[in-house]
Amino acid sequence: MSKTSLAKGLPHLSTIALLLLALQEFPVYFILPGLLRSETLRRLDLFRKGELKAVAAEEEITKKRLIPAIPEKYMDTSTYLALLGFVGMLAILASMLSGKIFHSFGVDFKISPTIFALFFGIIAGEIGLLERKSLQKANCFGFFVVASVVGVMGGLVNSSMEEILALIIPLVVLIFLGIIGMAIGGIIIGKMLKITWQMSFAIALNCLIGFPVNFLLTNEAINVLAKTEEEKDFLSNTMVPTMLVGGFTTVTLGSVVFAGILANFL
């Protein structure tokens, strides 16, 4: 959204997007721990009473690969990054192709390369082209996280201090209204799915944080409140997957798809 705004000569919208990205996490640090603590205590109480049972860990099933595995001795940092770069290149080409297809119908629109990168990455992982957690295995995950944030926040150099200060109040209002909307929507959907309001609200807040913050805060609640390894395993097998999937569907999937679509209407 930020880069698209700059490309279309709308630097003020780029500034709003960047500041929102920088500030949206702070309120969650005060809200989410309390929600996770409440849900953890509730589940622990039911587990200790025997009303909830531990989930048995599933054995890892080796899937057949459509693409033969590269010998382990060749799987170094360069190989992992080359494979990731190849998938990224396909995503960019697909985005360019989508733009030409829409343009042929007289529509100035193209699908964001990040959307294609998301789905191509999933497909590449399923067929065996990409290894799971490739960036971690290449020892580059932290670097790319920092680089992505630096690359995005670099857009603030085009904004003056006066512009940034003038946007603080609108941003606070946006974040406040967003959290209220997440609470209402999350709790309503939670009622429909028979999920407690604490857990449904916590899942909704993934919109503002995502991985790894959701993982760290959930594990912190578990480690503080669980008294035995059995309780830790029970909570880890029930709460952590829920929060991680919530983060994937809201931040990784939902935000990429919607931002890629809405960027064309700026």
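Note that Cβ sites are derived from N, Cα and C of the backbone, with glycine treated the same way.
Unlike curated records, TrEMBL annotations are generated automatically.
Here TrEMBL flags 12-32 (among others) as transmembrane segment.
TrEMBL lists 80-99 (among others) with the feature transmembrane segment. Panel annotation: around the transmembrane segment (80-99), residues 109-117, 120-121, 124, 129-131, 134-135, 137-138, 140 of the same chain, lying at least six beyond its termini, place a Cβ under 8 Å from a Cβ of the stretch.
Annotation source TrEMBL lists transmembrane segment at 111-129 (among others).
What TrEMBL lists as transmembrane segment is 141-158 (among others).
Summarising the annotation, TrEMBL assigns transmembrane segment to 164-189 (among others).
The transmembrane segment feature in TrEMBL is assigned to 201-222 (among others).
What TrEMBL records for 242-265 (among others) is transmembrane segment.
Long-range contacts of the transmembrane segment (201-222) within its own chain (CB-CB distance under 8 A, at least 6 residues past either end) are made by residues 24-25, 27-28, 31-33, 35-37, 39-40, 175, 178-179, 182-183, 185-187, 190, 195, 232, 235-236, 239-240, 242-244, 246-252, 254-255.
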